[in-house]
């Protein structure tokens, strides 16, 4: 160490003599007074008695200073006297008294009282420079030989959270050749780090190095931390090299700081290199080293390497911290490797480390989503064996998983287990159960769970109600969904975007577009922001309703609001245009979207293909498939199915073979939907040989026929009069475990009624009624059969029977009988039935009007015929050519 910076010098013992401008007589009195005071202090008399009022009133700060100097040989006595005056005489001590006593106590190694005294002095809130000057003045004038008082002053400023003031004291010490203790310097540097004044840390360090102060590991630690926080990693590494080169003792702590800093700064690979070089320096990585590196690797998404380091730690007998395990496990999970995350948890549990509950729950959630239910249940079971107890979120995740897979019994069992474990009840498990039952189509059961939840004192949330509303909407029970909507708003639970979207979707499915539009307007008034899905369901609803103009208005509106349309949006608009016969406009729309670089998927093009095929424009459809190939959009089974249906509709076998060959070349095979459409088309064209051959190919290709496939084939055979073969298919269908539906039975029913076997037809229909398979269509088949046999009254009786069985007749039911009346020339009977149809709230269609007009013309009731024509036109219906001819000929 530099000799000029020695911390101590001998105490000369010179007694302070204050220069006072007094007469010799007064000076003598002063000395006598101080002598008296000194005698009192050193005597064993009571200071309260000895220091009477006459002495106390004469006592001045400079008297106390001299007494403190006289008692340097007994600093404890000096401290008692000092405190006595302050406590019992309310004496205001001078700064000099504080400083003299501090130095005195330090010389006697009474550091704690000295520190306490300095803390009292700091309460005066004086300028730090002024305090230092006082301490330095007394130190020099009275030749105190130990400078630790300055260190204590510095530390007091740090403890008082006046770190910047402590820096000033250290600088003043250095300027006055006083060397701060390394502990003091380290305290100041770490104080600066706490207030993030890393620049001052480096300045003090540079000053200390310039003065030649021998530094230690703690100072280097503070400097390295500062450089890392400033992200000056090159200087940090240079600092480390300097420490290694100056012969200082190396420790893993310094390297850990540098490794931590590099990892925090994203330079994890440099940190890995430093860790790998530790062995050459005779050091071993410890828990801190590994944990810093692993967290750093997780930060740059290197979770697999982080996992490898955890394995390495465990191999060395080092136990990772919970935060490290949690980060790696969660990273592996988010990276899609839930199995690796699960295995890591299994491994670290053996050394007593478990991730936090949040990570456990997240891993459980991911395992459930990935279908790893066995692992999820195992992990859940082990949680209960650990200190980490499952909470309501944990149970919600497991319950939700079971519900999504339709395992409602398992979910309810888990719920009862949660109650048995006295887990705090929250809305989350109930929400999972309610949502699960709704998705399974058991909305009534879900509503019962809602009521149970309310009975237990829990308040439903918007999520609770939205699940139920969405469930009822998907079951087409919009009225029940709307009732729940009013219930939730009545409880001042504000609906969110998902609530409104579910309801709007329900109205759209039910073709209640007026109500859907009103609800959308209400949503905007409530300042609830529609999202892309909201607009998509509305656009699709309006397009299906034929209101293409409104669909495109909403499309423009969502774009203006910054929402991004997707393939679902485009598909609805394309489908809507094609449904209106505006296929060319749909193609222009597709071209415009592609010019604007909007992505269109195969579903969008399938809508366009369907439009072309519907209009018989097969060449345009095939051209579109070429355009798809150029854009890199692969034809899927739906697209091929649309093309095949189009070719079959026009019975264009050349194109059909071309399409099937293209599918084969691409390694694709028709599915049961495509095969079924081919079977249906062959049957409609009366080509049963091709239908049978198609069926055989379908079965040989391993494509299992479904209930629709069997029904189509049965229908083909029944229409061809091959009922025996149809019955064979029916039996085969039963053997395959497929349950015939109303359409299957209708095939046989239509055949019997068409052939005039009405007794057998009625018997079959009665059986269908008992099995709840009868509907308006099946009744119409019987009505048509009866009318063909001139059994009109029996047909009329069936209308009443339908109503009694809860089945509503439709326009076809009435029109079939009206036709028979008209054919017979019984206009009165036809008119009577017409009035009955109107009374029952049925709106006549084009066929019904044309039939009655025809009947009026035959009966010579031309005025009535023209009245019906005018009424028909007002209803927006078109008069057929046959009816027009009847009207002309009748006149």
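Glycine too: its Cβ is placed from the backbone N, Cα and C atoms.
Marked as repeat 'PPR' by TrEMBL: 216-250 (among others). Model confidence over the repeat 'PPR' (216-250) stands at 86, taken as the mean pLDDT rounded to a whole number.
According to TrEMBL, the feature repeat 'PPR' maps to 251-285 (among others). Mapped onto DSSP classes, the repeat 'PPR' (251-285) shows 26 helix, 0 strand, 9 coil.
Distant neighbours of the repeat 'PPR' (286-320): 252, 255-256, 259-260, 262-264, 266, 268, 271-272, 275, 278, 327-328, 331-332, 335, 337, 340, 344, 347-348, 351-353; these residues of the same chain sit at least 6 beyond its ends, with a Cβ under 8 Å from one of its Cβ atoms. Under the heading repeat 'PPR', TrEMBL lists 286-320 (among others).
Residues or ranges marked as repeat 'PPR' in TrEMBL: 356-390 (among others).
The repeat 'PPR' annotation in TrEMBL covers 426-460 (among others).
Feature annotation from TrEMBL assigns repeat 'PPR' to 496-530 (among others). The residues of the repeat 'PPR' (496-530), classed with DSSP into helix (H, G, I), strand (E, B) and coil, number 26 helix, 0 strand, 9 coil.
Per TrEMBL, repeat 'PPR' is recorded for 531-565 (among others). When Cβ-Cβ distances below 8 Å are used as the criterion, the repeat 'PPR' (531-565) is approached by residues 497, 500-501, 504-505, 507-509, 511, 513, 516-517, 520, 523, 572-573, 575-577, 579-580, 582, 598 of the same chain, each at least six residues removed from its ends.
According to TrEMBL, the feature repeat 'PPR' maps to 566-600 (among others). Counting residues per DSSP class in helix, strand and coil order gives 26 helix, 0 strand, 9 coil for the repeat 'PPR' (566-600).
According to TrEMBL, the feature repeat 'PPR' maps to 601-635 (among others).
Feature annotation from TrEMBL assigns repeat 'PPR' to 636-670 (among others).
The repeat 'PPR' annotation in TrEMBL covers 706-740 (among others). Mapped onto DSSP helix, strand and coil, the repeat 'PPR' (706-740) counts 26 helix, 0 strand, 9 coil.
Annotated repeat 'PPR' per TrEMBL: 775-809 (among others), in sequence order. Sequence-remote contacts of a segment are chain residues at least 6 beyond its ends whose Cβ falls under 8 Å from one of its Cβ atoms, and for the repeat 'PPR' (775-809) they are 742, 745-746, 749-750, 752-754, 756, 758, 761-762, 765, 768-769, 816-817, 819-821, 829, 833, 840, 842.
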Sequence-distant residues near the repeat 'PPR' (496-530) by C-beta distance (under 8 Å, 6 or more away from its ends) are 462, 465-466, 469-470, 472-474, 476, 478, 481-482, 485, 488, 537-538, 540-542, 544-545, 547, 558, 561, 563
For the repeat 'PPR' (636-670), the distant same-chain contacts (Cβ-Cβ under 8 Å, at least six residues beyond its ends) come to 602-603, 605-606, 609-610, 612-614, 616, 618, 621-622, 625, 628, 677-678, 680-682, 685, 698, 701, 703
Other same-chain positions with a Cβ less than 8 Å from the repeat 'PPR' (251-285) and lying at least 6 residues past its termini are 217, 220-221, 224-225, 227-229, 231, 233, 236-237, 240, 243-244, 292-293, 295-297, 299-300, 302
DSSP tally for the repeat 'PPR' (601-635), helix/strand/coil in that order, comes to 26 helix, 0 strand, 9 coil
